[in-house]
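This is the structure, below, for whatever I ask next.
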Amino acid sequence: SAIYELSCEAYKHLGKTSNYYWIDADGSGALGPLKVYCNMTEDKVWTTVYHDLQMQTSVGGNSPEKLSVLQLNYSATMDQISAITSSAEYCEQFISYSCKMSRLLNTPEGNPYTWWVGKANEKHYYWGGSGPGIQKCACGIERNCTDPKYYCNCDADYKQWRKDSGMLSYKEHLPVSQVVVGDLDRPGSEAKVSVGPVRCQGDRNYWNAASFVTSSSYLHFSTFQGETSADISFYFKTSASDGVFLENLGNTDFIKLELKSATEVSFSFDVGNGPVEIVVRSPNPLNDDQWHRVNAERNVKQASLQVDQLPLEVRKAPTEGHTRLELYSQLYVGAAGGQRGFLGCIRSLRMNGVTLDLEERAKVTPGVKPGCSGHCTSYGMYCANGGKCVEKYNGYSCDCSRTAYDGPFCIKDVGAFFEEGMWLRYNFHSPGTSVKDLVSRTLLSSADPEITAPDLSLNKEELSFSFSTTKAPCVLLYVSSYTPDFMAVLVNPNGNLQIRYNLGGTKEPYNIDIDHRNMANGQPHTVNVTRNGRDIVLQLDHYPPTSYSLPATSDIQFNSPKALFLGKVIEIGKIDQDIYKYNTPGFTGCLSRVQFNQIAPLKAALRPTNASSHVHIQGELVESNCGASPLTIPPMSAATDPWHLDSASADFPYNGQAIGDGVNRNSAIIGGVIAVVIFTILCTLVFLIRYMFRHKGTYHTNEAKGAESAESADAAIMNNDPNFTETIDESKKEWLI
């Protein structure tokens, strides 16, 4: 039975995160497993297969040969890659030709000098950004070539470097297996070729499903060809207690899979030696409207049946007698020959490595509907941190809008690095909304609708966030009100955490002090405070939760909350003496996944949501995950990537060379001159200290934005971190001093 999943999509729905995985695109078929990179950061999963051709491979330079052939060797066979591209919704592969006096497609009329070879060894005469049958490059389609007489930049035959690049996205032609370069035999002709990995998105097979509405409904397909070996796998979901999944008959031979009872799945067949039946019994009912996976295999040696992760049931084949399964009738999925058919959903039905298109067949069959609903019952638990599972026609997605998290499963931290003096204010009451309307939407859970505008107050709060800092004292978070009430989370001068409540009725605010633990140690810490009336529960990092109680005289209403502050408190009126002292110079460090009841202030600041109008920021907020949890960030688009230069030498900055070219030397020299002009030891010291502290904060950011598509740590940072250019600029200035 399959040890590997069939696709990246399948790994995603086991709750896995972006990584390299082995996938087996045709089950136990002949292809065998291959290793791919699964990128789960978007709604649809990307599957990436790499090859060995270096970016910017040079060809030519007065070479006497007429043609130069570049061969690409993939980490998979062509058949394996075809299995991925054929089941994908969309595939693409980047291709780029940088040229100096080397023509590409010889437009507008001539025979192409250069072409690429794709699937099935076919030659293709179109380039990235264009499509089959169109002998043009991207600039020819967009009508912005250097010389409008030609349809490729390179065809103008200039002595300066030019480039034609773009995505090949006609998936039936992918992957690129060879690039053949022609126009290199003149003095001064040079070219460089880059080809990216094959990337495919979506998986049409994984969600290909049909709903059987009546017990007499069925779909029929051509006879199953499984003489010597049969490998059948599918998912089912039902609330009925029995029904036939599928059946194919011969004269006396047959093969059949059925749900015999609420806890039994049966695989039976006859190859001419009499019927054989294998039954898997489940300790829990299988008609619970959740997805269950069935895998049945038969070959000349043995037959086996597996349901979900239950033990595999195996039956050895008899040593004598028949081994070939001879079938004649059509393959019936659902009710066959007057038997009671299966009621419910079957999806991703694969017979010997081929996914049957249940969806297409269901569209033209009465009693069967294409697709399936109710995926959340099985997969909703993967939507973490309060994310809501949303049903989709083919699958589900997680709605993270009411959480402080992001990403497909609401587990990606949204955080930011605060420099000294920076602060963020989130106003609970925004201009233009009535207090009542706003409060009932955000601060109060829907269970307390009876509170009206004038006497808005909170009986309970839930606050959670993560932080890291090396500076004490500081104010991490402060909730102000239109009354003297407030709540604050502070780090005192010794680096210990303090939670402070002032709800009235007591002379002094009520403090919870967590002594003997230095929180200003630069490590990420998580804080979770829940108050319900008088009872407060605090959980810190992975320590067990501790309970506290407000003094008997204390009021238990948090009256008229006004705003939430991060980093520093900028509030009019009287302010608590200690908070006033801790407030300067302000918090330096990282804050992430901040949530107060239904409000996620940092996320509102960093992601445009309908709550963004409530946010005011002083200073520049730099997004960072604060090292609070692993994070993968997709590579930047060319438009925002500071390293995507339109020169020949900076096509894909995977080698160290591109760094030197990319740095803006002017700014480095100006920096140096200014530093020399104001040349005092004091100035240098101040500069150095600021530099050190700045990078203490961004260190986590740079490191954690992992090497998603890069071949070295440098490349990962270059690809992903817009701050990296600054970093280099600053270090250059230093060096010039």
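Please read every residue number as a count from 1 along the shown chain.
Note that Cβ sites are derived from N, Cα and C of the backbone, with glycine treated the same way.
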Determine, on the basis of TrEMBL, the cysteine among C372, C376 paired with C345 in a disulphide.
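If we follow TrEMBL, the cysteine bonded to C345 turns out to be C372.
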Tally every other Cβ atom lying within 10 Å of the Cβ atom of C372 (disulfide bond).
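Cβ-Cβ neighbours of C372 (disulfide bond) within 10 Å number 24.
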For the domain 'EGF-like' (373-411), give the DSSP counts of helix residues, strand residues and coil residues.
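The domain 'EGF-like' (373-411) comes out at 7 helix, 12 strand, 20 coil.
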Tell me, roughly as an integer, the mean pLDDT over the domain 'EGF-like' (373-411).
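PLDDT averaged over the stretch: 81.
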Please work out whether the domain 'Fibrinogen C-terminal' (1-51) lies in contact with the domain 'Laminin G' (440-626), by counting C-beta pairs under 8 angstroms that are 6 or more apart in sequence and asking whether there are at least 3.
no
How many other Cβ atoms sit within 10 Å of the Cβ of C345 (disulfide bond)?
22
